[in-house]
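See below for the structure under consideration.
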Amino acid sequence: MFEQEAWQPSAPIKTLFTRAKIIREIRKFFTERGLLEVETPVLSEFGVTDVHLSTFNTEFIAPIGENSKTLWLMTSPEYHMKRLLAAGSGAIFQICRVFRNEEAGSRHNPEFTMLEWYRPHFDMYRLINEVDDLLQQILDCEPAESFSYQFVFQQYVGLDPLSAPRAELVAKAREHHFMCDENEERDTLLEFLFSTVVEPQIGQTRPAVIYHFPASQAALAQISSEDHRVAERFEFYFKGLELANGFNELTDANEQLIRFERDNRQREKMGLPQRAIDKRLLAALEAGMPNCAGVALGVDRLLMAALNANRIEEVMAFGVNNA
């Protein structure tokens, strides 16, 4: 009667044992270093303003006499974890499910597992070293190679991403079959060229960390005090996968508000719905979040790298197509 239903798990049971073992190793790594494991909400009154992130929402049916309200599934535990930091939690980590309303593919599932941690009084470079330590322990790999965004972009694209005229970026993007006009957003061109030309060249045999992304791509990172053209942001790549994205975290509430408002203006320009700004995060920053560095790492992609898997559902009990 039901024999046509695809009920079997996406990943072999043997893989799920390996997954559990690696998650235990991750917890041990941080516990031994004195970090507090925390849990934060999956649902929030606030989504995210980031134009690159699409969120799921649901309707909370309030008791009679109270107003129902829209709640958002979290794309990251970042905002809640920063509120804990402002409250004096000290160094913290979390392994949790997060949700992004994006297409499913070989490297993407709309529901996935994220490892996120924050280190008060660490700078970007010290946190890069800790990410590298974790990867070496979990993947038994060589230490990561380290390159600035500007260096690898010049190396493989042949243009300086911080100073090249827009017309040159447009011409180079068209060489790689990107359909764009002369007024294409500069960041769109940079992101296309980086993902299409640079990413396939890095982190193939050992992890690679790229740091100092353009200031226009700072997100929630501080701008470098040494070069205002770049942000104190880094990403790790290995075996064709983006594994981790980290920042020297922005602590200025007013600057964060400016960036959120800029996101919403860009959303309006792109025909996307604007999002309510998380004022609780801004209040926490204003109250005094300590200087810190933080990073988010995709656990499923880490497992893909560990097991040489080609598709993300190969390391999950159930992918979106048979959930």
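Just so it is clear, glycine is given a Cβ too, placed from its N, Cα and C backbone atoms.
Going by Swiss-Prot, these are the annotated features:
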- S76, P77, E78, Y118, E249: substrate binding site (BINDING)
- R100, N101, E102, N109, E242, L243, G298: ATP binding site (BINDING)
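Overlay of Swiss-Prot annotations on the structure.
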{"residue": "S76", "record": "substrate binding site", "DSSP class": "coil"}
{"residue": "R100", "record": "ATP binding site", "DSSP class": "coil"}
{"residue": "Y118", "record": "substrate binding site", "DSSP class": "strand"}
{"residue": "E242", "record": "ATP binding site", "DSSP class": "strand"}
{"residue": "E249", "record": "substrate binding site", "DSSP class": "strand"}
{"residue": "G298", "record": "ATP binding site", "DSSP class": "strand"}
Point to revise | Most Cβ neighbours inside 10 Å, all chains, among the binding-site residues E249, G298 | key: E249
Review point. Counting other Cβ atoms within 10 Å of each Cβ, which of the binding-site residues E78, E102 scores lowest?
Key: E102
Practice item. Starting from the Cβ of E242 (ATP binding site), draw a 10 Å sphere and report how many other Cβ atoms land inside it. Key: 16
Exercise for review: Look up N109 (ATP binding site) in the DSSP assignment and reduce it to helix, strand or coil.
Suggested key: coil
**Study point:** Spatial separation of S76 (substrate binding site) from L243 (ATP binding site) - C-alpha basis, Å
**Key:** 15
Check your understanding: So what sits near N101 (ATP binding site) in its own chain, CB-to-CB under 8 Å and at least six residues off in sequence?
Key -> S54, T55, F56, P110
Review point. Reported as an integer number of Å, what is the Cα distance between Y118 (substrate binding site) and E102 (ATP binding site)?
Key: 26
Check your understanding: At the Cα level, what's the spacing in Å between E249 (substrate binding site) and N109 (ATP binding site), rounded?
Key -> 27
Review point. Given G298 (ATP binding site) and P77 (substrate binding site), what distance in Å do their CA atoms have, once rounded to a whole number?
Key: 13
Exercise for review: Report the same-chain neighbours of S76 (substrate binding site): residues 6+ apart in sequence with Cβ closer than 8 Å to its Cβ, ordered by sequence.
Suggested key: V48, V98, M114, E116, A296
Review point. Taking the Cβ of L243 (ATP binding site) as the centre, how many other Cβ atoms fall within a 10 Å radius?
Key: 25
Exercise for review: Among R100, E102, E242, these being the binding-site residues, pick the one whose CA is nearest to that of E78 (substrate binding site).
Suggested key: R100
Point to revise | Cβ atoms near R100 (ATP binding site) (within 10 Å, other residues, all chains) | key: 20
**Study point:** Cβ contacts of P77 (substrate binding site) (under 8 Å, same chain, 6 or more positions away)
**Key:** T40, Q94, C96, V98, M114, E116
